[in-house]
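Per Swiss-Prot, the features are as follows:
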- Gly106, Val107, Ile108, Gly109, Asp110, Thr130, Thr131, Lys142, Lys151, Phe169, Phe170, Ala171, Thr172: NAD(+) binding site (BINDING)
- Glu184, His247, His264: Zn(2+) binding site (BINDING)
Amino acid sequence: MPEITVRAKSKTYPVYINEFALEDVREKWTESLAKFSHVFVLTDEHVAELHQAKLDAVLADLPVVTYYVAPNGEEAKTFRVYEDVMTKLIETGLDRKAVLIAFGGGVIGDLGGFVAATYMRGIPFYQVPTTVLAHDSAVGGKVAINHPLGKNMIGNFYQPEAVIYDTQFFATLPEREMRSGFAEMIKHALISDQTLLRALMDTFTEPKDFYTKDLTPFLQRGIEIKANIVAQDETEQGVRAYLNFGHTFGHALEAYGNFGKWLHGEAITYGMIYALTMSETIYGLDFDLAEFKTWLKQLGYDTTFDATVPFNKILENMRHDKKTTFNEISMVLLEEIGEPVIFKAEDDLIFETYKRVMRNGGNGI
């Protein structure tokens, strides 16, 4: 089975990825899980309905397994749900020899990792992603919940014991969710690998390709790109910030939409267009943005911007970005495809770029 090793400073662990990953690692994994006092599975309503039976079959021989089913979507990454999960852990009597399994998409991985990092100052956990988007979020140890004023503002760096990535789960993903996750694959290509970007553009030309073409080699390459960056900079003191390409504007947009109007990948797509536009202005980026947007539209992305989204709200939210220091907004831009750089952006430039993308778009947002 394809296996990628993540070598973070705090921990080295495997990422198992293929169409039958759960079954392939079943014996080895359950032997490891049997050493823990209790297995606590955190999932959401949608994943529980569709896939809990499959995980139940894998965990059937373990003596003590407890489930917590969180709400769907970003609602799960709130103080209220976090507190409720903690209450469940305490009431169930989990000790420091317990283990948590985050079984779901990126939201569940973020919440589950943060719960594991903070319960009794830390218990082990496994990531079992079920979405394309989670190929990014499940790897690297960033775990967090949201605050109404900003996405992922309360969090930690806490690595899993392993990531078990069974791509069979993709078959039940709605097209919108597939597209959202694919945006992070595009991001990895833009910041690191022009050849990968061209391969994505040549291979995936319409929405049905998400289901009929093999995503696995592209997911593997994206995970390898992220693993390489995490190995250099686990806690985002330097190059790991490059993984936030498109996220400064994208997270601001998500916050404006109360973390529900746009899926994460949808907001990040707008953010990447915004960052590419600013990169043209600052670095003269040689990139056919019109061709890129046409390709995105063919895949079903909405690439147009709506001037009714108030700039002052976006700017305010951008100031809450984790890269902002001394009230200076940091953008991840590209000097060339595959050559990211951190740039301190003045408010005037942020506004001029905002006006430019608005002129080039219609009523999309």
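A Cβ is built for glycine as well, from the same backbone N, Cα and C atoms used for every other residue.
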Please name which of the binding-site residues listed here, Glu184, His247, His264, is nearest in space to Ile108 (NAD(+) binding site), Cα against Cα. His264
Rounded Cα separation (Å) that holds between Glu184 (Zn(2+) binding site) and Gly106 (NAD(+) binding site): 12
Just to be sure I understand the packing, how many Cβ atoms besides its own are within 10 Å of the Cβ of His264 (Zn(2+) binding site)? 25
Could you give the Cα-Cα distance between His264 (Zn(2+) binding site) and Gly106 (NAD(+) binding site), in whole Å? 9
Restricting to the chain of Thr131 (NAD(+) binding site) and a gap of 6 or more, list residues whose Cβ falls under 8 Å of its Cβ, or answer none. Gly104, Gly105, Gly106, Phe169, Phe170, Leu173, Glu177, Gly181
Would you kindly give the Cα-Cα distance separating His247 (Zn(2+) binding site) and Asp110 (NAD(+) binding site), rounded to the nearest Å? 16
Longest inter-residue Cα distance for the NAD(+) binders Gly106, Val107, Ile108, Gly109, Asp110, Thr130, Thr131, Lys142, Lys151, Phe169, Phe170, Ala171, Thr172, rounded to the nearest angstrom, is 28
